[in-house]
Amino acid sequence: MFERQSNNPEPIEVSDNNPERESTADALLTTRIYISNLDYSSTEDELIEYLKDYKPLSVLVPSHTVRGFRSNHVKPLGIAYADFETPEKAREAVEALNETNFKNRNLKVKLYVPFSPENVCKPAPKPRRLSKLRRSKKPADEENNAASQDPTVEATQERGQASEDPENAANNAKQAKPTSDDTVYCGYLPKNTTDADLREHFKDYNPQEIWIFRTRAAKGPMHLQLHRHYTAALITLNSPETIAKIAEVTSTKKILGKKISVKPAYISKIQEVKKIAEQTGIAERNQTNKGAIKPNSGNGGQPAGPGVAGEPSNPQQNCDNSNNVQPGVSVVA
């Protein structure tokens, strides 16, 4: 037979698992205090004397050992723990000694809270921030036409514009630099390239003035950049063909067995080379040697203009080829 159950069952006890409430209760019942911002020279005996009005049972100053190659030394952590007879004495010490001055430092005194993994505070999630591109406002004309556009097409256009803008900006920056109508830039020339080699390479386009110089390019990240020097030249031509066409044709040919780069020269590069030549006196020396060019120097026997790397009659007047600079211009790009 079944027994009749009582209509008044005993109350069920429900435990409160709130970590914050438990830690607060533990702190109220603890007999230990935690002291921070302590002077590193403080000793346990000095703290016992400082806390004597509250009858501490023990004082602990934690430290750690710093191990060196030849010796070890103990370094305090700047904190201390003190135990008292009752929780009331501990709370009394906290209320009286917090923010008091001890050895020219304001002590931070509070009740000790035992460590528990549940009491560890989790870091708050960082707010998500939109990129500058997504925060940027749409132009007024796009806002006016937003209602009539397909949302899928609009999103595709925005993604395409975001990916193409950096490249287009770089190309526009390059196109903005003006180029010469009669001068080409030859890069990555062989180290021993001479004036005669370049005149032979561009013989179909009547080369006039030639500047051979060294330039420098940096590769790699900023903190590990490797600087590579290479030979380049500026060549002024007298031809009905456009400079772009000449650069396209001559880029397919090799000089001394090496493929080179030929493109229209930037006017700023031409001005830079000539300015350095004027500063170093190269243009004046070439002007002085204008009539000292042999008929077989590669320019049809005509006197060389300023900066033409012809063959002087006096070998001692020729530029130093060890620097790969003819006629003596050294440019660092």
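Each Cβ is built from the backbone N, Cα and C atoms, and glycine gets one as well.
The region 'Disordered' annotation in Swiss-Prot covers 1-22, 123-185, 281-333. Marked as domain 'RRM 1' by Swiss-Prot: 31-114. Feature annotation from Swiss-Prot assigns compositional bias 'Basic residues' to 125-137. If you look up Swiss-Prot, you'll see 145-160, 169-182, 313-327 marked as compositional bias 'Polar residues'. Positions annotated as domain 'RRM 2' by Swiss-Prot, on the basis of sequence analysis: 182-267.
For the domain 'RRM 2' (182-267), the model gives a mean pLDDT of 87. In the domain 'RRM 2' (182-267), the DSSP tally of helix, strand and coil residues is 22 helix, 43 strand, 21 coil.
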